[in-house]
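This report concerns only the one structure given below.
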């Protein structure tokens, strides 16, 4: 029932947001930021994982201080967001960067708002996943889960706030592109495309959450990969291949996690069913296919070596 309520609210928001993104080209959908989210390295300069992580942490802190969350939900939302690995927003930002090295439309796109959106969606799913009605977990990232610290009601409202703010961030990203990249082709249509795609992905994630399968993990990587590709002005015709790359990476990520949790997981676990050796081989195979696709689209950069190694390290327990 809770899942259906969330999806219903999201669908209503999508209809509203899409209608606004079809207004005249220079009509602003969102209020401008009171502060810039980040001042630092040029968006097209190469970065390693540590640099990207620190950059996104600055973006996140500035967004929270700028009022992305209001009132009594500020503390639980901030609490949930801090301390993550930020792999999804890093993937999104790197794909945008790599795409623009091949082609751009004037000023480089800085995808800070889109990166926030994918992290907000992901963290909202973690809050719900930890709830007593799902996994009933009281610890995550070596600290109390949101519901255990702030109560079930605030946890539910925080997940909703994160989801709704994520869509707001997508709209803010479109406004940013209109303001800074006047040669970008039809940003209004892009906004409608992104909102529709994200709502579909969140629905898939919610369905996977109900039955505890990898489908609760993969959709958030699809959001990161595809939003990065589209914002980086990658070809719409190639979205299917980018989605396949995201599917492979998401599967590898989930299977590595299953190996790590082999001895403690009480729910469905691929490694328990097929064994650690086969599961590790599958992780390697999925990563290899993902790498092949990214190479083919000329967006495989040095940071992917770090990202892939992090997945392998999870599987190895190192």
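Note: Cβ is positioned from N, Cα and C throughout, glycine not excepted.
Per Swiss-Prot, isopentenyl diphosphate is bound by 85, 88, 122; the candidate from 140, 141, 149 named for the same site is 141. Record note: Swiss-Prot gives 140, 216, 217 as dimethylallyl diphosphate-binding, and the candidate from 102, 173, 254 in that site is 254.
Residue 254 (dimethylallyl diphosphate binding site) sits 15 Å from residue 129 (Mg(2+) 1 binding site), taking the CA atoms of both as reference points. Largest Cα-Cα distance over the residues recorded as binding dimethylallyl diphosphate, namely 140, 216, 217, 254, equals 17 Å.
Here residue 216 (dimethylallyl diphosphate binding site) is positioned 18 angstrom away from residue 85 (isopentenyl diphosphate binding site), judged by their C-alpha atoms. When the binding-site residues 135, 140, 217 are compared by Cα distance to residue 88 (isopentenyl diphosphate binding site), the shortest distance belongs to 217.
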